[in-house]
Structure formats: structure tokens, C-alpha cells
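According to TrEMBL, the protein carries these features:
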| type | residues | note |
| --- | --- | --- |
| TRANSMEM | 30-50 | transmembrane segment |
| TRANSMEM | 62-81 | transmembrane segment |
| TRANSMEM | 101-117 | transmembrane segment |
| TRANSMEM | 137-156 | transmembrane segment |
| TRANSMEM | 241-262 | transmembrane segment |
| TRANSMEM | 289-308 | transmembrane segment |
| TRANSMEM | 328-350 | transmembrane segment |
| TRANSMEM | 370-392 | transmembrane segment |
| TRANSMEM | 496-515 | transmembrane segment |
| TRANSMEM | 527-547 | transmembrane segment |
Amino acid sequence: MSEELASGPKESPPAPQAGPREVWKKGGRLLSVLLAVNVLLLACTLISGGAFNKVAVYDTDVFALLTTMMLLAALWILFYLFRTVRCPDAVPYRDAHAGPIWLRGGLVLFGICTLVMDVFKTGYYSSFFGCQSAIKILHPLIQAMFVIVQTYFLWVSAKDCIHVHLDLTRCGLMFTLTTNLAIWMAAVVDESVHQAHSYSSSHSNTSHTRLAPDQRAGSPVGGDPCPCNTAVCQIFQQGYFYLYPFNIEYSLFASTMIYVMWKNVGRLLASTHGHGHTPSQVSLFRETFVAGPVLGLVLFLVGLAVFITYEVQVSGEEGRTQQALVIYYSFNIVCLGLMTLVSLSGSVIYRFDRRAMDHHKNPTRTLDVALLMGAALGQYAISYYSIVAVVVGTPRDLLGGLNLAHALLMIAQHTFQNVFIIESLHRGPPDTEPHDNPPKEPCQGLTFANQDALHTLPACPPTPRLVSPSPAGPQEAVAIILAPRGHWRRRCLKDISLFLLLCNVILWIMPAFGARPHFSNTVEVDFYGYSLWAAIVNICLPFGIFYRMHAVSSLLEVYVLS
């Protein structure tokens, strides 16, 4: 006691501090983000400036920048693949949630369509090789090479948690992500300018924005230096414009997968973390009531017919345009209304679902939720602008009423679908749900050919002893083992996810392949003016298109996990 008093009070141990690895992890992330922001801002400046005739930035400048970025990103990807092959300990962990098979399959599909688009672009620019810069032909060829290298890279490495060259890897991944975003911006701007040019041509108004051709090579000012007059040239031109939606989705899919890889750099995982959520075998329409897939398929086919009818009639006489818009809005109102009710029903079913919530750290799920919420803002903005234009503007006719109902249902559908998807992604695996009426003594009166089946029964200890047979024993055993799988709630959730998936596909096809009722219906154009309304639509609509395809990917995961 006297020694304790003489020595005075003991000092408390110092508070634990973050180790050097964690501190430099944050520093490496900050460095890579700063690199990405600066490169992206440079790309934005050139791409946006090259979209206007009065700005001395030409499309060849944009092509040169994108080609350089794709070459550098492809070289880094090859270095990454070579390094991971040479160093067996470079990837000690793999994130089971990252890069699911349906996401990689979608990436391959969009990548193939992008390669076809590059073939069309090469043929288009080769049609007038004499008056074009060589970079315009080189750009699609380099992009095809970049797509092949990147698709292979993401197919084999999307799940990697790499632990070598951490800062270099973070910077390389961020630069590759920025390259995909720059390609996405260039495609969106090019498609938007093409739409604006088509609108101005149909309305005999030359005051709208057009592409800025390179006039430094002695081309005549005020005219098109390289007119596309031949039939083959026009086929190539129309072909690659119709394939732009696939290129846009490919860039966004690749960006999301690369972001998850960036989050997983240097990540430590437990040996059992992340396993057990994705079943090894997925059977379509298994354990469903079939009503959801059938109704979704019917709406999909009807939507294709409506879309074809709209595209044929909307550019015709004024009466046929009015009819096409009424058919288009009517179908969308029915489809969005059903999707809203179905999503709300799915959320209600979850109120009775007793599966545990999954609170594990999951960068893939966090990104999915952020993208769903962020991409929905684009369609929210268009809908609210339409609501204001219809309510405040004139005239108030049938088309205005349909437009208003469409905008309101679009907001409701996005909201309830996001709630359903996000809640589904946070649910635990199916085996965490208890039985409704678990038997008190499930091991009595059952005959098992496989003794390992006893381990799957609740409150049933493993035992090597056979239980006395009974007439209904095997049937009761099968019923008990398969009770969670055949539960009506799970079957309803599978129907709901498949129905929403098919509806989102058709709602992606319509705007992605040229359906623009925002300009055919002149309510918003007259209220805001063409320039402002075109800027709103061209900025927000690509996010709405991406939302639909990302929702399809998320709903497929919901179906698998149900």
C-alpha cells in the first residue's frame, strides 16, 4: 500500500491509434481520387466544349484525348494481369459479393455490342477517309482493343482483394474508372447532339447545337466538310447511333465493377466471409407461381409493339403524332401502376419475413444502393419539371392529363421499387428464416436413407442410429427439409422480382433506342423553351436509362437470394 502511495496514481494506457497501414490506406485513396477528379474535369471540359460550333475545341481533340486515355488504361490493365500472375500472393482474398455472374454476363453482352458499334464507326469514318483526320479511324480501333482487354480483366479479376502495389493499383483503377466515365460522357453528348440535330432538321430550325467538325484542314466554313451521301455510309452512321445505348451501359457497368475493386484494394476478409448467399445453381422460374413471369412477359411484348408503333407514327402527321403519344403514355401508365403496386406488395410481404438482416460490410451492396438512389434522381427531376409544366402551363387536354399521370406514377414507381430492392438486398440468406410451425420432435418417426439429412432438421442432434420406420416418415422428412424453400412468401418474392425485372427491361429499351416523348409532346418545350428543356432531358435522361439497367441487375440478385 505504501509503495502504491509513493509511486502516485498509475497512468492510463494511451488510446489505440490507427496503424501506419490504415493511415496510408486513406492517403492512397485520397491520391487516387484526386488523380481521377483532375483527369475527369479535363475530359469534361473538352467533351462539353467540343459539342458546340462556336467553341474552338474540335471532335478530333476529344478523340485524341479518349484514345490516349484508353491506351494508358489498357497498358495498366496488362501490367496488373502480369503482376498478379507472377506473384501468387498478390491476391490473398476474393470478395464473393463482387462481380456476380449476371453482372459479368451483362458486361460481356454490352461489350460485344460495343465492338459491333466500333466496326460501324470504323466503316463510317472510312467512307470519306480523304477528308477526315486519321484519329477518327484510330479511335474506334483503340476502343475495340480497350473493350476486349478490360472485359477480360473484369471477368477474371472483379473479385480480387489485391495486396501488392496498393497505391499504384488504386491510382490505376481510378484512372481506368475515369476513362470509362469519359467514354460514357462522350457517348451521351454525341447522342444528345444527334437527337438535337434531328429535332432541328425536322422543325427546319438551324439555331440548335450541332457537332463541331474539325475545320482546320481547309474544309469549307459553314458546311459539312465530309458529307455522308452514299447508302453504305448512311447505314454505318445509323447503325452506330442505334448501338450507342449498349456502349453507354458497358461503360457504366465497367465503372461500377472497377469501383468495387478499388474499395477492395488491401481489404482483409475472414475465410468464411461472404459465402453462402449466392447459390451455386440458379434455375429460372423455379419455385414461383409463374404469374409474375407470364404477366411481365406479356407487358414486355406489348411494350415492344407500342414502341414500334410510336417510332413509326411519331414522325408523321400531327394527328398520328397525337395518337402515338396517347398510346405511349397509356402503356407507361399501366406498366408503372402495376410496378408500383407489385413493389408495394413486396415491401408488405417483408413485414412478415423473419429472416435476419445482413449487416456485414459489403462494398458491392453499398454501391448498388447508392447507384439506385442516385440514378433515380435523374427521372425524378424530369418528372417534377413535367408536373410544373402541365399544371401551370396550357392547354389542359387529354395529352396533358396523361403526361401528368405518367410523371406522378414515375415518381411513385421509382420510390417503391427502390424500397423493395434495398430491403431485399439487406436480407439474410434464405436459411436464416425459421419454420412457421417447427416440429417439437422432428427426429421421431422418420426413416432416412442419408443420415447427413438429420443435420438439416431443427433441434436434431447427429446420431448414427436409425429411427424406427413409419408409413409417412419419408414424406414428413422431405416436407420438413423443404419447408423453407417452398414457402409462399419466397415464391411471391420470386414472382415479384421477375415481373419487375421484365418491366424494367422494356422501360430501358424505349428511351435507350430513341423514344423521346419529351420533345414530341410540346407542353414542356413551349413552357421552358427548347434550349432549357433539351439541357434538362439530355442531362437527366441518361441517369434514368442507367437506373433501369442497374435495377435489372439488382432484381436478378433479389431473385437469386429469395
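Including glycine, each Cβ sits where the backbone N, Cα and C put it.
Not measured: the values here are computed from a predicted model.
At the 8 Å Cβ cutoff, the transmembrane segment (328-350) and the transmembrane segment (496-515) share at least 3 close pairs (sequence separation 6 or more) and count as touching. Contact between the transmembrane segment (527-547) and the transmembrane segment (370-392) holds: at least three of their C-beta pairs are under 8 Å, each pair 6 or more apart in sequence. When Cβ-Cβ distances below 8 Å are used as the criterion, the transmembrane segment (289-308) is approached by residues 327-328, 331, 335, 338, 342, 491-492, 494-503, 505-507, 509-510, 513, 515 of the same chain, each at least six residues removed from its ends. Between the transmembrane segment (137-156) and the stretches 62-81, 101-117, 241-262, the greatest number of Cβ pairs separated by less than 8 Å involves 62-81. When Cβ-Cβ distances below 8 Å are used as the criterion, the transmembrane segment (30-50) is approached by residues 57-59, 61-62, 65-66, 69, 167, 170-171, 173-175, 177-178, 181-182, 185-186, 189, 212, 262 of the same chain, each at least six residues removed from its ends.
When Cβ-Cβ distances below 8 Å are used as the criterion, the transmembrane segment (241-262) is approached by residues 29, 32, 95, 98-99, 103-104, 106-107, 109-111, 113-114, 116-117, 120, 147, 150-151, 154, 157-158, 160, 170, 173-174, 176-177, 180-181, 183-184, 187-188, 190-191, 194, 363-364, 367, 371, 512-514, 542, 545-546, 549-550 of the same chain, each at least six residues removed from its ends.
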